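Asker: Before I ask anything, let me first share the structure, which is written out below as structure tokens.
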Amino acid sequence: MKELKPRNAFHAVLLSAHIPGLGQMYNGELLFGALLVVCFSFGLAGLYGFGVLHGLSGVIWGLALVTAFYVYQMVDAWLGARKRFEYYPKKYNHWIYYTIYSLGFLAVCTVLLLPVISLAASLNLYKIPSNSMSPTLESGDVILVDEHAFEKYPPQRWDCMVFNNPKKPGRVMVKRVIGLPGEKLEIRFRNLVIDGKKEPDGFGSYTEPMPTDKKGLKKENFGPLNIPYGKFFVLGDNRSHSRDSRHFGLVDESDVIGKPILVVYSWDMSRVMIPIE
């Protein structure tokens, strides 16, 4: 005859904290524990599949959902154990089965979390030192940069881009991509002209007349310039106060670091967690 072994609520919570559903298995609810694992696994896959986990805001939402799930199943394990004053252990109430269950869960999660781990590994933080990209980015902003973004697709016009200064290797800058490889670019009285056609510019702003002396910024006309393949022409959004391709030349694709995706800190709290366009 099997020995009566009441369930310990503290043990149930610890097991659930270790592996979702393991506390339920300990309480004799193997099917419900397995259901929790299936829901958790499909939840992770669904979140990533629908793009919720792309970018830091998605990761935060994903972590919030995972935390809520963990709390729910831990509370359920606690309540389930407290109800089982008279419990006869089942065949699977053995450390060997607990180990098999845990290893299976970890294997499934590893496969499902590989894309998320890859995303996290590609993210890095940078601090904005000046207002050359104002109002998009302000001095003191801390931004999140996806350093693998341009491996998926090449930089497009109007993308913000982080790169190494062509004239000062090791100095990281952020500007907006204006001219693409193979194009003929010109600036005529502050107007952008690409391949002979005026290009509407919804990001650039001039706050004052630009100086024309050699020590200051270049004049308001630039080019024409033929952009070779593998090169990009970049400008700061704050055109009057930005040192960019008008000064240090074109950016080589080998100097591109990544794409800013989110403002994670700013002196202006209303700007925190806003996507970067």
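In case you wondered, yes, glycine gets a Cβ from its N, Cα and C as well.
Keep in mind it's a predicted model, so treat the numbers as computed, not measured.
Pulled from TrEMBL, these are the listed features:
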type	residues	note
TRANSMEM	30-53	transmembrane segment
TRANSMEM	59-79	transmembrane segment
TRANSMEM	100-126	transmembrane segment
DOMAIN	107-264	domain 'Peptidase S26'
ACT_SITE	Ser132	active site
ACT_SITE	Lys175	active site
Asker: Mean pLDDT, the domain 'Peptidase S26' (107-264)?
Answerer: 86
Asker: In sequence order, which residues at least six apart in the same chain have a CB under 8 Å from the CB of Ser132 (active site)?
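Answerer: Set apart from Ser132 (active site) by at least 6 residues yet with Cβ under 8 Å, we have Lys175, Gly236, Asp237, Asn238, His241, Ser242, Arg243, Asp244.
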Asker: Per DSSP, to which secondary structure element type does Lys175 (active site) belong, with helix, strand and coil as the options?
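Answerer: It is in a strand.
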